[in-house]
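Here Swiss-Prot flags 116, 119, 207 as [4Fe-4S] cluster binding site. The feature motif 'PP-loop motif' is assigned by Swiss-Prot to 41-46.
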């Protein structure tokens, strides 16, 4: 690595680490004594997540453990040795779970259709089961700011709902707390960090599934907006934490029904 790249890496790492720490603090993601399961896919974002948590583990005033977990779904061409070899250099506890979900998905989903939805649901269930069985207190996912914004627009445009990915949530089955420490970090930052660190990236399309065309459309739309109006993504992201229920139409969030003439002050 050249001296220039070393300086770039140092600056970028500090920047990402600061944003990660801010997100963790603002949403109380990690507590003293936690056992954090980092879900490692072999993609740039999960590598970045693991690196940031390992750095914070050294600096934080509290103690917490980190367990890296990868789910080998038996996709054809999956390089089984890549993640174990990488994780051994980190001297941390790690587990490779082997489940042939690939065959199940291929049997259920017609050829040419996107398999990501079913695949992700099966993967989530397996990882949640592992977390419960191994006394994991928090499940850490590598979703970043752009993922959160894109999910907001996917729900807005295609589901008719105002929702996204929270930085922290209790899973639907109430068995696990899920955290997203990279919530304040942009995809541009994780991509550049991955290149500078030279992570051993595992392709995400080994299954042969087509990209979700709706997500591709949303991503392209947001990138065009950002090119025309820099900081647009930051403004949208800020809006997700600046919501006024009384200015919306959801009767579950605000009691419109009981606003009456008796409330008028003159």
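Including glycine, each Cβ sits where the backbone N, Cα and C put it.
Within 10 Å of the C-beta of residue 119 ([4Fe-4S] cluster binding site) we count 20 further C-beta atoms, all protein chains included. The DSSP breakdown of the motif 'PP-loop motif' (41-46), given as helix, strand and coil counts, is 3 helix, 0 strand, 3 coil. Averaged across the motif 'PP-loop motif' (41-46), the predicted model reaches a pLDDT of 96. Look at residue 119 ([4Fe-4S] cluster binding site): DSSP puts it in a helix. Note on residue 116 ([4Fe-4S] cluster binding site): other Cβ atoms within 10 Å of its Cβ, all shown chains, come to 17.
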